[in-house]
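Colleague: I'd like to ask some things about the structure below.
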């Protein structure tokens, strides 16, 4: 694959079963109103537009070509969404280079990709790149609050069957997944997933589709965990590439994306001054590291909770205070979860927080904060502004819950597109690899993203910095035991 792409692009040479869990949509019993289009800035007291009172499932919409194979909020938003996508393209140089490679042979010709990811401008660039590489795509959303309605409209206008709108209910969420998968005369042969819900749905409802599926690409911690559950149970029906643990994603997306966006999310929702605030970050993986670096840079007093002694030692050597959540919960001003686990913040811990404490999640799933435990008659939910709820106790104490426990950055702010381009390029190359791999190379197992491709993604992005790599001499390459063109790290390097 790298050889093919290098012929097309001028690259400067170096001078088990799934466990039951809360869905991403949470519980429909929440009394708070759903958020609206990403272009809105409506307060809780603003009456919604009439068009938004009608469920997209009950609308008859067609794009300019006459197709109605989509379900979105409003096709009329397509022009605005197109401008969003064009702006994102300027910050996604590697995908633009991959598009140039399609002037000749298309490496995804014949591919039928079903995708479940965040639907934002940057993922639209990925989807349209896959289409230009020859693939047929059908798409739905992995998160009900990160959907940009105008971007979904632009995709639908461009001919991509997309089923998603901001603020879906739980029933809507799985209806959209089903519509994406269960299309007359169309069967997927590749899956691009974020969180595992799409893979799970196909496994439960349409297992026969796995007979033709060449592979799965998964980009999230929780999604990879669910794949390993299937594998251990002997029920993984297709090869899968674990993009989440690729070096390029861990060191760039997980760190830099969260480092920039956590502050944006907190500021947009609460207007909080972070200097001098006491903050506890649960988890010190790459996401936690990015959050801590940003918070510390603005003068916050940062505590870290961690189960891994190696990550814990890293936190200590960065000057952070390692503590148990129980020991600091009563005094902190902000709680941020970054673990990818469930019930990290329980009802008992929520009871112990001081009034006014801000609680939010930067991990993948909405299960890290036990929001379900707050759905009791003794507590009152008050919508303060978009994505901000006060949970009020009988004695008047209140905590501030952001995005109902879902991803803070993708629900409440924006994310750096250039960093996300790195991950999107990784996903595209992983799909190309699975689709073009000779029969027998990949079995029904979970594989790491190939190291050669890992480094190739970095090479593509270096060009935007006018950066020039140093080239090893033959003697140096022999001494190190590597090829002059890479890969330069062993496959086990993390």
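Along the chain as shown, residues are numbered 1 onward.
Using N, Cα and C of the backbone, Cβ positions are placed for all residues, glycine too.
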Colleague: Name the one residue among 182, 189, 409 that TrEMBL lists for the same NAD(+) site as 285, 286, 287, 288, 289, 290, 306.
Modeller: 409
Colleague: According to TrEMBL, which stretch among 15-67, 68-120 corresponds to the feature region 'Disordered'?
Modeller: 15-67
Colleague: Round to the nearest Å and give the CA-to-CA distance linking residue 306 (NAD(+) binding site) with residue 253 (substrate binding site).
Modeller: 21
Colleague: Can you tell me the CA-to-CA distance separating residue 194 (substrate binding site) and residue 409 (NAD(+) binding site), as a whole number of Å?
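Modeller: Between the Cα atoms of residue 194 (substrate binding site) and residue 409 (NAD(+) binding site), the distance comes to 16 Å.
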Colleague: What binding-site residues among 120, 219, 249, 253 are found with a C-alpha within 10 angstroms of that of residue 287 (NAD(+) binding site)?
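Modeller: Neighbours among binding-site residues, in sequence order: 253.
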Colleague: Between the Cα atoms of residue 286 (NAD(+) binding site) and residue 253 (substrate binding site), find the distance and write it as a whole number of Å.
Modeller: 9
Colleague: Hey, how far is residue 290 (NAD(+) binding site) from residue 249 (substrate binding site), Cα to Cα, in Å?
Modeller: 13
Colleague: Would you work out the biggest C-alpha to C-alpha distance among 285, 286, 287, 288, 289, 290, 306, 409, the residues that bind NAD(+) according to the record, and give it in angstrom as a whole number?
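Modeller: Largest Cα to Cα distance for the NAD(+)-binding set is 22 Å.
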Colleague: How many other Cβ atoms sit within 10 Å of the Cβ of residue 120 (substrate binding site)?
Modeller: 25
Colleague: In angstrom units, rounded to an integer, how far apart are the Cα atoms of residue 288 (NAD(+) binding site) and residue 219 (substrate binding site)?
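Modeller: Cα to Cα, residue 288 (NAD(+) binding site) and residue 219 (substrate binding site) are separated by 17 Å.
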